[in-house]
């Protein structure tokens, strides 16, 4: 199963992330967002950042997860390539970890900066044996 794919969206970037379970789909969504910004295969997991959030539904958890990671990019110029997510669906909480390193122009390709997460076209689908997360990021 592929981890993610991009889809056409006027002036923004649409992402479909896949996972065998909800945690893996959220992890792959994060990889996709950072793949928009750089080649994540060149981002070494040198430093770890933690994210602990709650939400009012799964879509809000997805929004807040990606938003939290973008805050690290905006404040510390951190790029991430490896993620761990544990979602408590009953209590709508997410505990996550992201590993990466600070942007280095000599090492990391500069692609399109993701400015923000959006709710536009957001959808979380449980297909039984896998999940599909669809969302759009503002560039």
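The backbone N, Cα and C atoms fix where each Cβ goes, glycine too.
Per Swiss-Prot, the feature Ca(2+) binding site maps to 12, 138, 139. Counting every protein chain shown, the number of other Cβ atoms lying within 10 Å of the Cβ of residue 139 (Ca(2+) binding site) is 15.
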Counting Cβ atoms within 10 Å across all protein chains shown, which of the binding-site residues 12, 138 comes out on top? 12
